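Features reported for this protein in TrEMBL:
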ACT_SITE  ARG31  active site
ACT_SITE  ASN49  active site
DOMAIN    16-106  domain 'Acylphosphatase-like'
Amino acid sequence: GGGGGAAMAEGEGLVSVDYEVSGKVQGVFFRKYTQGEAKRLGLVGWVQNTSHGTVQGQIQGPTARVRELQEWLRKIGSPQSRISRAEFSNEKTIEALEHKEFQILK
């Protein structure tokens, strides 16, 4: 490894990304499991059901950890869920976390 400049290495900065998960994701404790997984990874943000049957929210934290939750949202979810699609948008690097915790919004 060489000397580091001011640029942060991939996986060290903080990122914020919005997500929306489609499939059988409501009424299967999807939000509760998402919150649990986010807390385990040390991420903040929120999750909520939408009126059109999807689950959406925002994730913030270290890039590598956010990537782990994205993969979880794409492939795993809660035990009873059936994920057909997970879309991510508005990804940006942030200076500081904008949420105190990861919460379930009604």
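Each Cβ is built from the backbone N, Cα and C atoms, and glycine gets one as well.
With DSSP states grouped into helix (H, G, I), strand (E, B) and coil, the domain 'Acylphosphatase-like' (16-106) comes out at 25 helix, 39 strand, 27 coil.
Counted within 10 Å of its Cβ, the other Cβ atoms near ASN49 (active site) come to 18, all protein chains included. Across all of the domain 'Acylphosphatase-like' (16-106), the predicted model scores a mean pLDDT of 97.
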